[in-house]
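**Student:** This is the feature table in TrEMBL:
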REGION    1-24  region 'Disordered'
COMPBIAS  13-24  compositional bias 'Low complexity'
TRANSMEM  75-95  transmembrane segment
TRANSMEM  107-126  transmembrane segment
TRANSMEM  162-179  transmembrane segment
TRANSMEM  199-215  transmembrane segment
TRANSMEM  222-240  transmembrane segment
TRANSMEM  260-282  transmembrane segment
TRANSMEM  303-321  transmembrane segment
TRANSMEM  341-363  transmembrane segment
TRANSMEM  375-395  transmembrane segment
TRANSMEM  401-420  transmembrane segment
TRANSMEM  470-491  transmembrane segment
């Protein structure tokens, strides 16, 4: 008796399934081979779609909660661009007219473009390190470079503490110099009173910026508006200052008196210094996009960074050309008061973001339980006010220390971390998953042919990553040795009076 047709079809299907299952034993492994457009043809410093998914998974858990609770939470791209551009249009740019008169244009212009490119380059290094290590905090990236591996938790704690101390010191000193510079601009505009004018102005400005500095993060609208105000005031000041320089240089205010190291080229280098690259990258990466079927363009961090550097260069270029020009025409330009007020607005409106992003000052738990007032930010602002009131030569020493910290943090540190991470550490695997040592010992007896395939693919991708990274390695060494090494040697000789 023949089975029904349906039964024969089921028997044939079962037999074919059985043959398939018999041909695929339990030890057969599936090997994932990427298409050429996934990871092989991409730059090793660009995120593939798989990397993007992994990053989004990371940000979706504890890391995303920590990012949302940080002082730089997920922000839209326009706000990210604002905070990328804002540091360039501050004290360094304001010092260009008063300090660049002695620097010929043939040196000033190359210095402007050189440090603009160098700033974009070091920002890109931080960006690549964050992608490569899957970490977007400076202290964690530095820990991975100098204390990777097990049994080094004590060293990692020390490194985290040192990085936070250096970051907090730099931000507090910068805010203090901003506050002191604002007072210097305004002190001649108010009459003498029974209270010293400098102290009175310092207290008034501190009270003015206190509500802005108490914001929990950079996402608060009042902080964003103050940053836009700073950029708008700079554009107005730049226009007035350029016009004044081209017509009557003597009508321009004398500017700020800075330390020994604050000279032509170092001021340009300081103008392109920045400290918020990794937090802003994490903020852009953690931005939640609305679910929609329509394609929505979101500019990448690289585009925003390059655009901010380009616009900052354009906004500094007229000052370089005008201040280095020797053909100044004499004509009246009664703008000293207006220029002083604009300078003060630029500097004062930049202080809240520095106070907000300072590392948290350790406060006893009992004091924190008493009130919800952000005691850490109040403490930082009080320290800023006290530092701004330091008299005499100590201020110039503080300014020189700030200059060294800013330049080292912007140019030297990312180059050093890049070299240590890529040239003195074992490269992170691309396709071979990381397995604990215990699991490797138990599975060492079951090595099969697919392990060799994965290792061959891993070696191929590592070689391609190595060759594509050569230009970045050469650039990092150039930043570390000729630029940073030469700059530190010049600073030491300048302080010792050698030249």
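Note: Cβ is positioned from N, Cα and C throughout, glycine not excepted.
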**Student:** Does the structure show the transmembrane segment (107-126) and the transmembrane segment (222-240) touching, where I'm treating 3 or more Cβ pairs under 8 angstroms (sequence separation 6 or more) as a contact?
**Tutor:** no
**Student:** I need to check the long-range neighbours of the transmembrane segment (303-321): which residues 6 or more away from its ends have a CB within less than 8 Å of a CB in the stretch?
**Tutor:** 77, 80-81, 84-85, 88-89, 93, 96-97, 100, 105, 108-109, 112-113, 116, 119-120, 123-124, 127, 234-235, 238, 241-242, 245, 271-272, 277, 284
**Student:** Give residue numbers and ranges for long-range contacts of the transmembrane segment (401-420): same chain, 6 or more residues beyond its ends, CB-CB under 8 A.
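**Tutor:** Residues packing against the transmembrane segment (401-420) from afar: 118-119, 122, 125-126, 128-129, 141-142, 145-146, 166-167, 169-170, 173-174, 177, 259, 261-262, 266, 269-270, 272-275, 472-473, 476-477, 479-480, 483-484, 487-488, 491.
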**Student:** May I ask which of the stretches 75-95, 199-215, 375-395, 470-491 has the most CB pairs under 8 A with the transmembrane segment (222-240)?
**Tutor:** 75-95
**Student:** Six or more residues beyond either end and a Cβ under 8 Å away: which residues meet both conditions relative to the transmembrane segment (75-95)?
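**Tutor:** Contacts with the transmembrane segment (75-95): 119, 174, 177-178, 181, 218-219, 224, 227-228, 230-231, 234, 237-238, 255-256, 258, 262, 267-268, 270-276, 280, 283-284, 287, 298-299, 301, 304-305, 307-309, 311-312, 315-316, 319, 343, 346-347, 350, 353.
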